[in-house]
Every structure is written in C-alpha cells, then in structure tokens.
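**Q** Sharing the features that Swiss-Prot gives for it:
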COMPBIAS  128-144  compositional bias 'Basic and acidic residues'
DOMAIN    2-133  domain 'CID'
MOD_RES   SER2  N-acetylserine
MOD_RES   SER132  phosphoserine
MOD_RES   SER134  phosphoserine
MOD_RES   TYR161  phosphotyrosine
MOD_RES   SER166  phosphoserine
MOD_RES   SER299  phosphoserine
REGION    128-148  region 'Disordered'
Amino acid sequence: MSSFSESALEKKLSELSNSQQSVQTLSLWLIHHRKHAGPIVSVWHRELRKAKSNRKLTFLYLANDVIQNSKRKGPEFTREFESVLVDAFSHVAREADEGCKKPLERLLNIWQERSVYGGEFIQQLKLSMEDSKSPPPKAAEEKKSLKRTFQQIQEEEDDDYPGSYSPQDPSAGPLLTEELIKALQDLENAASGDATVRQKIASLPQEVQDVSLLEKITDKEAAERLSKTVDEACLLLAEYNGRLAAELEDRRQLARMLVEYTQNQKEVLSEKEKKLEEYKQKLARVTQVRKELKSHIQSLPDLSLLPNVTGGLAPLPSAGDLFSTD
C-alpha cells in the first residue's frame, strides 16, 4: 500500500481515466489517506485546472466518489471539497466540452436527492455553471476547434487496430523503433508479473472473501479488526485491478504500434527493394562499359611494337641554327 505524497497524487491524477475502475481505485486510495484531506483537495483542484478539457469531468466524478464513499468514515472530504467546488464547477462548465453540462446537472441532482450537500449550496453550484456559460465569441470558437480535434483523436483511439494505413515518412522509422522498444521494456515490469502483490492477495485471510464466516465474529473488537483488514484488502485489490487494466491498455497500444511498425517496415522494405533494383541496373551498365572498354583497349595497336622511325637520322636544327650567318 503506497504512502501519501503530493507528487504521488499528481502522478495518479495524471493517469486517471474516465473508467469506473480507474475512478474507484483512486477514490479508495484517497479515502485511505483521508487524514491528508486538505492537501489532497488542494492538489485535486490545482490539477483539475491544468487538465485537458476532455478530462475535467472525470475529476468531478472522482470527487463525487470520494465525497459519497468517505462520509461514513468522517466529514473531512465533504468539508474540504465544499471550499473549492463552486470554482471547480464553474471552471469545468466553462472549459470542458459542451456535452458535460448534462452530466454535471445529473451529478448535482444526485447530491441533492442524497443530501450530500445542502440545497442552498447545490443552488450556488448550479448558478456558478450558468454564469460560466457565456465565453467571448473568439474563445467559444477556439473551444469548438479544440473539441473537434479531441473528437478526431478519439475516433483514432477507438480502433484497436487501424483499418487503413497512411504511409509514413521513412525518416520517422528510428523514432517509431525507439517507442516500440520502450513500450516492450515497460511491459517487463507489468502488473501481471508482480509476484509480490499476487502473493499478498493469495495470503489474504478467508474472512475477507467468504461472507458466511462473518457469523463467527462475536465481539466489536474482532469486527473492527476485520473491517480494517477488509478495507486494506479492497485497496490492495482495487490498486492491482487498476494496474492490470492499465497493463491491458498498454498491451493494446503495443499491438497497435506493432501493426503500425510492421506496415512502416513493409513500406521501407519496398522502397529499399526498388533502390536495390535501381543500383543493380547501374552496376550492370557500369560492368558492361568496363567490359567494352577492356575489349576496346585490347583491340588498339601496341605502339611499342612499331619500328623506330627516327633511328639513324640527324637531329632537326634548332632556331639558333636556322638564323645563324656562319
């Protein structure tokens, strides 16, 4: 069970995804560290404002899970979140995608029905959402552009394997190779290979897995000990399930990378085969020229075999001899 630190929380928030498993896993971890409720909410609020628009709603889902599931253990989170929720709702309503308004309203209705917060505070949150919905035209246009970009990205990510492949610049090959190697190396420390955690899970007492054994508990002290053990088991299993889910996504991503890498290498191979054929033809032409040149050289007369036509003749007169008066 990892200890609390702001840097650890920042890392976990950066890895938070919009899945129930991811939200519940982090929620359990936060509730376990509820004595740090103040710093937790402060980091949550800061990271919410820094998060990409498509992830902001997930931060509020996390806050909801923490607030509702921590109430029986104490009011720490309910109180701490209350101090930042007005700004958080206003910020998310203003900065997140247009489709987030209905989920936010549904969340507030649930809080009102379950009396998570008082009616006056709920109304304040609703008003903060309404007041934030009038961005300047330029900002609205930029947000729309961002939204389209995110949708395009989502459409690409929804396919486990690309149905079509667009040729890549061969110069991207080394970068893709490095990414593939890193992805393979990261999987060496995957959750499925964590023997230590698997041993901890295997060593959990039978009481945390078998409801029928609860009848054997006869005193409050034993019940409290078991409650603590069950809480720790829930956190251990939730964290491990979260890691396994992340590993599964990593392996899917690796499979996509392998498909892309294979396609890239096929294109590079095809290009190199064309180059090889081109240079084979050049070699053949140069070899033919060499052969013809050798044959031509062999057909030329050997000047060293010609007779010495100047032998026995007087040397030609010099310029001085020609103009001499003697």
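Heads up, residue numbers simply count up from 1 along the chain you see.
Keep in mind that glycine also has a Cβ here, set from the backbone N, Cα and C atoms.
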**Q** Give me the long-range Cβ neighbours of SER299 (phosphoserine): same chain, 6+ apart, Cβ under 8 Å, in sequence order.
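**A** Within the chain, SER299 (phosphoserine) has no Cβ neighbours under 8 Å at 6 or more residues' separation.
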**Q** According to DSSP, does SER299 (phosphoserine) fall in a helix, a strand, or coil?
**A** helix
**Q** Quick one: average pLDDT across the domain 'CID' (2-133), no decimals.
**A** 89
